[in-house]
Amino acid sequence: MSSAGVVEMQKAASFRREGGGSMASMWLSADGNGAFSRSSSSSSRRMRGEEDDEEALRWAALQKLPTYDRVRAAILPMVEGEGGEAGGGGGGRRVVVDVHSLGPHERRALLERLVRVADDDNERFLLKLKERISRVGIDMPTIEVRFEHLEVEAEVRVGNSGIPTVLNSITNKIEEAANALGILPTRKQTLRILHDISGIIKPKRMTLLLGPPGSGKTTFLLALAGRLKDLKFSGQVTYNGHQMEDFVPQRTAAYISQHDLHIGEMTVRETLSFSARCQGVGSRFDMLTELTRREKAANIKPDADVDAFMKASAMEGQESNLITDYILKILGLEICADTMVGDDMVRGISGGQRKRVTTGEMLVGPANAFFMDEISTGLDSSTTFQIVKSLRQTIHILGGTAVISLLQPAPETYDLFDDIILLSDGHIVYQGPRENVLEFFELMGFKCPERKGVADFLQEVTSRKDQKQYWAQHDKPYRYVPIKEFASAFQSFHTGRSIANELATPFDKSKSHPAALTTSRYGVSAMELLKANIDRELLLIKRNSFVYIFRTIQLMTVSAMAMTVFFRTKMHRDSVADGVIFMGALFFAVMMIMLNGLSELPLTIFKLPVFFKQRDLLFFPAWTYTIPSWILKSPMSFIEVGGFCFMSYYVIGFDPNVGRFFKQYLLMLAVSQMAAALFRFVGGAARNLIVANVFGSFMLLIFMVLGGFILARDKVNKWWIWGYWISPMMYAQNAVSVNEFLGHSWDKVLNNSLSNETLGVQALMSRGIFPEAKWYWIGFGALLGFIMLFNILFTLALTYLKPDGKSQPSISEEELKEKQANINGNVLDVDTMASSNNLAIVGSTGTGSEIADNSQPTQRGMVLPFTPLSLTFEDIKYSVDMPQEMKAHGIVEDRLELLKGVSGCFRPGVLTALMGVSGAGKTTLMDVLAGRKTGGYIEGNISISGYPKKQETFARVSGYCEQNDIHSPQVTVSESLLFSAWLRLPKDVDSNTRKMFIEEVMELVELKPLRDALVGLPGVNGLSIEQRKRLTIAVELVANPSIIFMDEPTSGLDARAAAIVMRTVRNTVNTGRTVVCTIHQPSIDIFEAFDELFLMKRGGEEIYVGPLGHHSSELIKYFEGIQGVSKITDGYNPATWMLEVTTVSQEQALDVDFCDIYRKSELFQRNKALIQELSTPPPGSSELYFPTQYSQSFLIQCLACLWKQHLSYWRNPPYNAIRLFFTTVIALIFGTIFWDLGGKMGQSQDLFNAMGSMYAAVLFIGVLNGQSVQPVVSVERTVFYRERAAGMYSALPYAFGQVAIEFPYTLVQSVIYSIIVYSMIGFQWTVAKFFWYLFFMFFTLLYFTFYGMMAVGLTPSYHVASIVSSAFYAIWNLFTGFVISRPATPVWWRWYCWICPVAWTLYGLIVSQYGDIVTPMDDGIPVNVFVENYFDFKHSWLGFVAVVIVAFTMLFAFLFGFAIMKLNFQKR
């Protein structure tokens, strides 16, 4: 299992060599025998059989090598046709090879000989390994894990204070500060996750951990793995009697998380190889050395292939090794080994394959104990069975320890385990041998029905909702048996007593194998880890080359624009004012290179989840990660900055001196490196993209404002002068300005000058820049210091900070009451009982899956009537254009047919399962019938109760429950349902009836206790997967549809959750609706809850359409009637059997076509007749007709969308609270930096300073708004696609709601900013001027926000929108009128000033404050005249400017609406 739990093929244990002590002493125990010895003398066994003389000589030569060389050399057959390379096919002459340098071909050939088919050969191979180790008396290290009196608690907010509204986020932060100071008592409640549990996990035994969601399984596994840091923890966990402090638990045991965090740009093989390289080989090398020494002494010749395998897998420092290949094979990942893992942006492997990569990542290491959390999610039952079987072989043969949590283990998988731990609400209800578990529950009065999987029974029997159906003591009345009662009864049960007795005797530490527990912190040397990270970083730079190429092109483009704006023929050196324009060009260059570093933020943050996972698993220390990310990206700066400087230096007309050119290039390189380091640090410290964007912009803004150009040094107030001295941009601006203005072309004294200073020095002094030449090197040195500082801070942040946490844990009062009632057996109040007792039939009669049914008569019709409708379809064909990849492989057809003439019918009150293997076309057929396809070619007839289907009307009477459970994250369950009902129920349904109907639906789907729970984002916060599934169903049900399609409603759920969802589905059918579900791999009782089956085979053809029958009898009878089909065995799942006997390989083996057999059957004729019958409209019926496309008017749609957006925004503090907080802080900082500068108008520099305050605020707060709105709109757009397809509303009301909700938040933001800044900077206090200032700020922030929304609307994803919009921000910045005024802009670019929205904002702000002031400045020119001459800003234009600003706002909002209406980036 070495190499990964699944392998540790030598489980020599994870004991590492530590410095000091000889090899011999390391493996000697106290009595003088070797650490791996089992007896004092090793047996001496001779080689058997005759050997080829040549090979015998080769082996003899190998044995004579020194130990170090001997463990690196193996004898392998030569590869035919490979020029003598070894490692190939089975036969041929054998040669001695160095195992450290085996190539992929040789490794593959060796594995083929050892484990050709994982299913058949793995056990044989492991037994060979074990036999080799055992025969020289070496013992495998084992670990026994004990946990005693384990208690874990968390602090949670209960009720409304836990809902993250803008107000709550502020009050909770204040409350936490007051708690910390001891001013206020905390309102949080303590929630116990684990309740005083004790037990033993034995080695060489497989332990299955079961329990419903929220029972504490993940917390328990984390506690066993020594990974609980953030929760209150008491009790102890020991390994072989040793406390956690005595060894390194993260490396001794491997915790495999249920979250699949991987770098999408790496292939599966690269991901596992990197993991293996970091984790090292544990004690495999040391054990191998001892093994070969003993074999040599005993003159034993091992199996050559096994010897080669063990040697190759004991070598450290290989970029890819044999263990990786072995794990890929046994996890069934060979087929996708060289495919990218993928993520949201990169297409990659499937969810099930990704789950296996997560498992394999830890199996390639040398850990001896494995704690695996839900490793089967997304896998089909046969793959899960195969993986668990391989793990079982490794654990049993090589002596590992494993606790594995599974969601819905099939009976055959369940039977692979030796022990069971059943956890419920933090109590251990049972722990011990699998054989005794049913005996315990029978003693408690509960019996598992015949056709019920034991694992499913165990997960349901402790639940209040499900327990009653299993009550077996019919002579006694049933009463609810609470969890506490089960737990205490288990203590008295014989298994519980034996565990208690064993725990009473402490583990004898002297029996612990010296190599069992790992004491070194990392698997390999620091230099090896650094090398591994360097190789990975180089790979990722290559794979992400698009980002760097795009960044370079973007910088070049801006450089090209800059050099044509500051064109040398227009750049003069006749006055200080000319110098200011040159300085503007230099400022713009420095700022663009700073902004170019901003792309490090998302690149850093997207990799952090994987980094934190690997750091916490002790793959490597943070510095081995941060150094490569700094050093290896430096060459990019040379190219990007080189392009910028080489293009622009001469064309702009900077000082024509080659030395000064290279000094400018050197300085810009330092700026580029400093910016990248700064933003990496911000990303590492913030760990969240929204927060990082805010603080990255914030730091950039502060550095820029205090950088010496926007506000001259002599104007910086004394309380902010420290900020000037620590701003990297100050040093950059000083150095680059000194380099230019002390050059020869500025070395002249003006005739009209009052001083003898050169023009260059005067220009420098006019902006408060130090005019001495030494300031170039001071600036350069300071930038190098900042580069070092930010990289060190980045390393420290990644070393000590925790991963970005989930939001504050909260729980509703109803959930808390229900939890306590389940534990203690308290009676629940009426509201909570309403949902707990809403039980209905799940299975067909006699299966034991019945549940007392108290609700049929009253719920049959429900409050709102509906018309039952049937759906028939005949000869449905669906094809798409042939993919280019397939054409490249020689396929000549123009179209690829996915459905081939499928026919069938779905009827009211009949629950139909749509099944088939992956690629059979289940979801495709459902999408075609529901009208959800956005492309492709559809042929055939679809009728609704005999009338041709029209999509506009069909959407009104149908519901579609998608597999992905897409909902707005910031609304509650009841609000989601109200929104759906409001927009989809007919106009004539009044609000009271609507509310009653919603209550009925919530009761039907058991959502009442969760009515006030926030939906949240999947896998991040809010509802669990199973609760989201039920919400998806409820959202469709409140539309009162007649026909409902459900795509995989039980995938990713545990057995109990799947039963709850199926009960919901069954309840829905019992109301008389037509329901069709695609289903993946159902358990027996879920499968038999269906009435009919529509079975498809790969290629899109039906092979069985008809009733299931009692205990699936009709289905079994049909397939067993086909000659050659193997009979089903007793108790076997009919669904699994049916899929197994209808595979393509079975068709080929039997030489039949199941589709042909079905089309020639009597069943097909019956179905044809039924389709004919249902395709004729019943007498007296009429075709579906609705006077309008949507059930509600345009106005109601707008109001409903606005209502939902209001709730979403109010409960989104990371977006709204942070932008309001940021705006307030920026306003206070600006107010203090530009304190009282608004009233100073003596010099032109005073006006530039005031304009600088406006420019910086507008640009940065505006860009912040534009950036931070994008992820919000992107999440809501995916919900919009689902809701529009469901016929809830048209695109414009959605766009209206999204646009309108921004008005109040932006107004508050503008008012906060304007009041603070206006008063502190000291602009003229007149009502008109203040309101003009507020007006321009408000509409500017609004158009920036709408521009960000528009960018999302026009692009397929948030990431692309972010890149596109940032390119335009750079161009806007150039043409604002601040860096270079409009009159100074070359005529060929002046047109852009008129279409740049920020230029109009600055026009409005300047002219409204200064355009009417006639007071003369020190040089006698009136202020308004200077403003008009220098900027070309006319006060008479103020009204027109205001209209233009409003027009830009409306334009961006309109374009957002247009994009949402016309563009659909969802492809189906």
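Glycine residues also receive a Cβ, built from the backbone N, Cα and C atoms like all the rest.
Features as listed in Swiss-Prot:
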- 33-53: region 'Disordered' (REGION)
- 178-450: domain 'ABC transporter 1' (DOMAIN)
- Gly211, Pro212, Pro213, Gly214, Ser215, Gly216, Lys217, Thr218: ATP 1 binding site (BINDING)
- 528-741: domain 'ABC transmembrane type-2 1' (DOMAIN)
- 546-566: transmembrane segment (TRANSMEM)
- 575-595: transmembrane segment (TRANSMEM)
- 634-654: transmembrane segment (TRANSMEM)
- 666-686: transmembrane segment (TRANSMEM)
- 690-710: transmembrane segment (TRANSMEM)
- 778-798: transmembrane segment (TRANSMEM)
- 871-1123: domain 'ABC transporter 2' (DOMAIN)
- Gly916, Val917, Ser918, Gly919, Ala920, Gly921, Lys922, Thr923: ATP 2 binding site (BINDING)
- 1196-1410: domain 'ABC transmembrane type-2 2' (DOMAIN)
- 1217-1237: transmembrane segment (TRANSMEM)
- 1247-1267: transmembrane segment (TRANSMEM)
- 1330-1350: transmembrane segment (TRANSMEM)
- 1360-1380: transmembrane segment (TRANSMEM)
- 1387-1407: transmembrane segment (TRANSMEM)
- 1440-1460: transmembrane segment (TRANSMEM)
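According to its DSSP assignment, Gly916 (ATP 2 binding site) is in a strand. The ATP 2 site, placed at the center of the C-beta atoms of Gly916, Val917, Ser918, Gly919, Ala920, Gly921, Lys922, Thr923, has further neighbours from the same chain whose C-beta lies within 8 angstroms: Thr924, Met1096, Arg1098. Residues Leu423, Ser424 surround the recorded ATP 1 site, their Cβ atoms falling within 8 Å of the Cβ centroid of Gly211, Pro212, Pro213, Gly214, Ser215, Gly216, Lys217, Thr218, which are themselves excluded. Every protein chain considered, the tally of other Cβ atoms within 10 Å of the Cβ of Ser215 (ATP 1 binding site) stands at 26.
For Pro213 (ATP 1 binding site) paired with Thr923 (ATP 2 binding site), the C-alpha to C-alpha distance reads 28 Å. For the transmembrane segment (1360-1380), the partner stretch with the most Cβ pairs below 8 Å, chosen from 546-566, 634-654, 1330-1350, 1440-1460, is 546-566. Cα-Cα distance from Gly921 (ATP 2 binding site) to Ser215 (ATP 1 binding site): 37 Å (rounded to the nearest whole number). By the criterion of other Cβ atoms within 10 Å of the residue's own Cβ, the least surrounded of the binding-site residues Gly916, Gly919, Gly921 is Gly919. Computed over the domain 'ABC transporter 1' (178-450), the whole-number mean pLDDT of the model equals 90.
Annotation note: Thr923 (ATP 2 binding site) sits in a helical segment as assigned by DSSP. Beyond its flanks by at least six residues, the transmembrane segment (1387-1407) meets 561, 564-565, 1251, 1254-1255, 1258-1259, 1262, 1332-1333, 1335-1337, 1340, 1343, 1347, 1371-1373, 1375-1378, 1427, 1431, 1433-1435, 1437-1438, 1441-1442, 1444-1445, 1448 of its own chain at Cβ-Cβ distances under 8 Å. For Thr218 (ATP 1 binding site), other Cβ atoms within 10 Å of its Cβ number 20. Spatially, by CA atoms, the binding-site residues Pro212, Gly214, Ser215 include one closest to Ala920 (ATP 2 binding site), and that is Pro212. Between the listed binding-site residues, namely Val917, Ala920, the fewest other CB atoms within 10 angstroms of a CB are found at Val917.
Counting only same-chain residues 6+ beyond the ends of the transmembrane segment (546-566), those with a CB under 8 A from a CB of the stretch are 581-582, 584-585, 588-589, 592-593, 596, 599, 603, 636, 639-640, 643-644, 647-648, 651-653, 1363, 1367, 1370-1371, 1374-1375, 1380, 1385-1386, 1388-1389. On a Cα basis, Gly916 (ATP 2 binding site) lies 33 Å away from Ser215 (ATP 1 binding site).
Taking only the Cα positions, the spacing between Thr218 (ATP 1 binding site) and Thr923 (ATP 2 binding site) is 33 angstrom.
Listed in sequence order, the residues of the same chain lying 6 or more apart from Gly216 (ATP 1 binding site) and placing their CB within less than 8 Å of its CB are Val152, Ile193, Leu194, Leu423, Asp425, Gly426. Of all the binding-site residues listed (Gly211, Pro213, Gly214), Gly211 sits in the most crowded Cβ setting, with the most other Cβ atoms within 10 Å. Ranking the binding-site residues Ser918, Thr923 by C-beta neighbours within 10 Å puts Thr923 at the top.
Here Ser918 (ATP 2 binding site) is positioned 28 angstrom away from Pro212 (ATP 1 binding site), judged by their C-alpha atoms.
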